[in-house]
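K.L.:
Quick one: this structure, given as structure tokens, is what I'll be asking you about.
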């Protein structure tokens, strides 16, 4: 007697696996495109590379917003659409991490996803605050505009705690010897050291609350420039590693189970 329950044909499993991988590639590209648009708006419309001088007087701050309010408001609009670009990017990173992480409860992958979500919030909020400053600058007193300006700048630079968890998770997975035995692994061991380095460098951000000049000011070398450059490089490299791994997984017949 033939059982009424049969396994799905190999082609069905294959299609499911390729749909998952194709979806990951599409979602990762989605996040990358949003990141590029966000970066262009941040640079050319919000004009926050580097962040403005922390020593500006309230009059200087308010006047800058009055003079540039149209650009800043459009920058806030665009960044409101694109500011959560890290959510799709980290969703794919977490999916790839879950593939190589052992055990039923994949805590490092879950931590990565949660950290990426929080990261998006702290990237989306500062442009909104700058937008509010530009929106109210002609009508409010200078101190109100300065308060919103400083809130935005400090939110951008001091919220490093949301970023750290994801990079620690990537480092743990990449340093695990068994991870390197998994085929088409997007977390090579050498990448753990780069992730640990950026983890330590980002911790300097919280010091922006203290000075208004020097490397620890919100526009300084250790608080702004170093994290800004390292963050950009890290995202480019990890995205490239994941794109390459996904492409290899799609070409590998043994990866068909990955749905």
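Every residue, even glycine, has its Cβ placed from backbone N, Cα and C.
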K.L.:
Do you know which of 50-68, 107-125 TrEMBL annotates as transmembrane segment?
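P.N.:
Based on what TrEMBL states, transmembrane segment spans 107-125.
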K.L.:
Between the stretches 26-46, 74-95, 161-178, which one has more Cβ pairs under 8 Å with the transmembrane segment (107-125) than any other?
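P.N.:
Looking only at 26-46, 74-95, 161-178, the most contacts with the transmembrane segment (107-125) come from 74-95.
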K.L.:
Could you give the residue numbers and ranges of same-chain residues that sit at least 6 residues beyond the transmembrane segment (74-95) on either side and whose C-beta is under 8 angstroms from one of its C-beta atoms?
P.N.:
24, 27-28, 30-32, 34-35, 37-38, 41-42, 44-47, 109-110, 112-113, 115-117, 119-121, 123-125, 127-128, 130-132, 134, 166, 170, 235, 238-239, 242
